[in-house]
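Student: So TrEMBL lists the following for this protein:
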type: ACT_SITE; residues: CYS23; note: active site, proton acceptor
type: ACT_SITE; residues: HIS67; note: active site, charge relay system
type: ACT_SITE; residues: GLU112; note: active site, charge relay system
type: BINDING; residues: HIS14, HIS27, HIS29; note: Zn(2+) binding site
Amino acid sequence: MYELTVKDEFSAAHQLRGYEGACEHLHGHNWKVEVAVRGMDLNSIGILIDFKEIKRALREVLAELDHRNLNELPAFRELNPSSENLARYIFYRLRERLAGKPVKVYRVTVCETERACASYLED
């Protein structure tokens, strides 16, 4: 099994409905995102998938979120745009974009600060 990771970032605002504290108010983050994909077989030139394909798919997903108020997006009108829910959202959007490729999305990690990250993965 091989695992590849790519990283990117986006800036967005959000607020956590029902949260008691500062995060209940509109605020922003420069979110850092790390994606891990896995696959079994290398191609004829010895690579699993071109990193560019993963980066492009991730950029497309993050473009939907960048410089937005996440609470206003359809996916987060009812669901809090927490780091946990963002990681899951990005995971599924990437999985759609990488369908048919020789890799499966394994893990998405979203960091709102250097010391506060959440990951979503499936067995």
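Residue numbering: from 1, along the chain as shown.
The backbone N, Cα and C atoms fix where each Cβ goes, and this holds for glycine too.
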Student: Return the residues near the residue listed as 'active site, proton acceptor', defined as same-chain residues 6+ apart in sequence whose C-beta is under 8 angstroms from its C-beta, sorted by sequence, else 'none'.
Tutor: GLN15, LEU16
Student: What's the CA-CA gap between HIS27 (Zn(2+) binding site) and GLU112 (active site, charge relay system) in angstrom, rounded?
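Tutor: So the Cα of GLU112 (active site, charge relay system) lies 11 Å away from that of HIS27 (Zn(2+) binding site).
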Student: Near HIS14 (Zn(2+) binding site), which residues of its chain come within a Cβ-Cβ distance under 8 Å, counting only those 6 or more away in sequence?
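Tutor: HIS14 (Zn(2+) binding site) has long-range Cβ partners LEU26, HIS27, GLY28, HIS29, ASN69, LEU70, ASN71, PHE76, PRO81.
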Student: Within 8 Å of the centroid of the Cβ atoms of HIS14, HIS27, HIS29, which other residues of that chain place their own Cβ, given that this set defines the recorded Zn(2+) site?
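Tutor: Not counting the recorded site residues, we get ALA12, ALA13, GLN15, CYS23, LEU26, GLY28, LEU70, GLU112.
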Student: Output the one of HIS27, HIS29, HIS67 that, of all these recorded positions, has the highest number of other Cβ atoms within 10 Å of its Cβ.
Tutor: HIS29
Student: Look up the residue listed as 'active site, proton acceptor' in the DSSP assignment and report helix, strand or coil.
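Tutor: For the residue listed as 'active site, proton acceptor' - judged by DSSP and reduced to three states - the answer is helix.
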Student: Reported as an integer number of Å, what is the Cα distance between GLU112 (active site, charge relay system) and HIS67 (active site, charge relay system)?
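Tutor: Roughly 14 Å, rounded to the nearest whole number.
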Student: Among all protein chains shown, how many Cβ atoms are found within 10 Å of the Cβ of GLU112 (active site, charge relay system), not counting that one?
Tutor: 20
